[in-house]
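Taken straight from Swiss-Prot:
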- 1-18: signal peptide (SIGNAL)
- 80-101: repeat '1' (REPEAT)
- 80-255: region '8 X 22 AA approximate tandem repeats' (REGION)
- 124-145: repeat '3' (REPEAT)
- MET143: methionine sulfoxide (MOD_RES)
- SER147: phosphoserine (MOD_RES)
- 158-168: region 'LDL and other lipoprotein receptors binding' (REGION)
- 212-233: repeat '7' (REPEAT)
- 278-290: region 'Specificity for association with VLDL' (REGION)
Amino acid sequence: MKVLWAALLVTFLAGCQAKVEQPVEPETEPELRQQAEGQSGQPWELALGRFWDYLRWVQTLSEQVQEELLSPQVTQELTTLMDETMKELKAYKSELEEQLSPVAEETRARLSKELQAAQARLGADMEDVRSRLVQYRSEVQAMLGQSTEELRARLASHLRKLRKRLLRDADDLQKRLAVYQAGAREGAERGVSAIRERLGPLVEQGRVRAATVGSLASQPLQERAQALGERLRARMEEMGSRTRDRLDEVKEQVAEVRAKLEEQAQQISLQAEAFQARLKSWFEPLVEDMQRQWAGLVEKVQAAVGASTAPVPSDNH
């Protein structure tokens, strides 16, 4: 059974290794739409794609965009998309950090620091986009009724530059994540190798036991059953003999205990009778003396009562 569990564990670890070894394809497309379609499907990349799609729509500077730029709706939408992107990115980073546990502490700290810096640059770029749009909205509101062509051209230029920065930082972040995941894969491979080394002797023992069982299986089934029956019969006879001997010992012990109890009961009865006789000899004289004193006291009381009730002689005679 232990060998079976060991084999299952090795199979499970091999599956985990295969899962870790999935390649990460770097992004090479320069355009926003191509970048969104070429992503590997990570949640943070999908969230960043939605941010880019929204930025692409803002860059059109259509009439609807111009109307919504005069309200805080665009900045609110961008803030929501930014928060969603950073949240998904942090979750993915935490997942990779768990996979990096077998890696050396120094390597893990360096990779984490580089990834955190790339993450901060991407967040700063998205915040810069939002700030530019807020500034543009304030300037448009201040120039209501005037020509805003120059302002729109300046905003379009800023957004194009910010778009390039976003693409560059996102590509850098993906490369950092690829390095991060490669470190996780390396640590997982080392962990699996160590486990395989520890499980090697167990697997060999299981192989030897399996060979032994196979040699036993070559014996005729009837001979093995007969030998097993004889062993069981001998074992049952031995257990029966021990049980009978033990029962005889218990009977003897019970008889001894009963005799001792009867003897002790007889001794207690004799001691009680002797004690009762002593008590009687102690208290009988005392009781007789108290009876005599009580009788004398009664006679005295009666005499005193009789004397007090006698008639007194009259002086007139």
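Positions of Cβ are set from backbone N, Cα and C atoms, glycine also.
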**Request:** Count the residues of the region 'Specificity for association with VLDL' (278-290) that DSSP assigns to helix (H, G, I), to strand (E, B) and to coil, and report the three numbers in that order.
**Result:** 13 helix, 0 strand, 0 coil
**Request:** Express the predicted model's confidence over the repeat '1' (80-101) as a mean pLDDT, rounded to an integer.
**Result:** 78
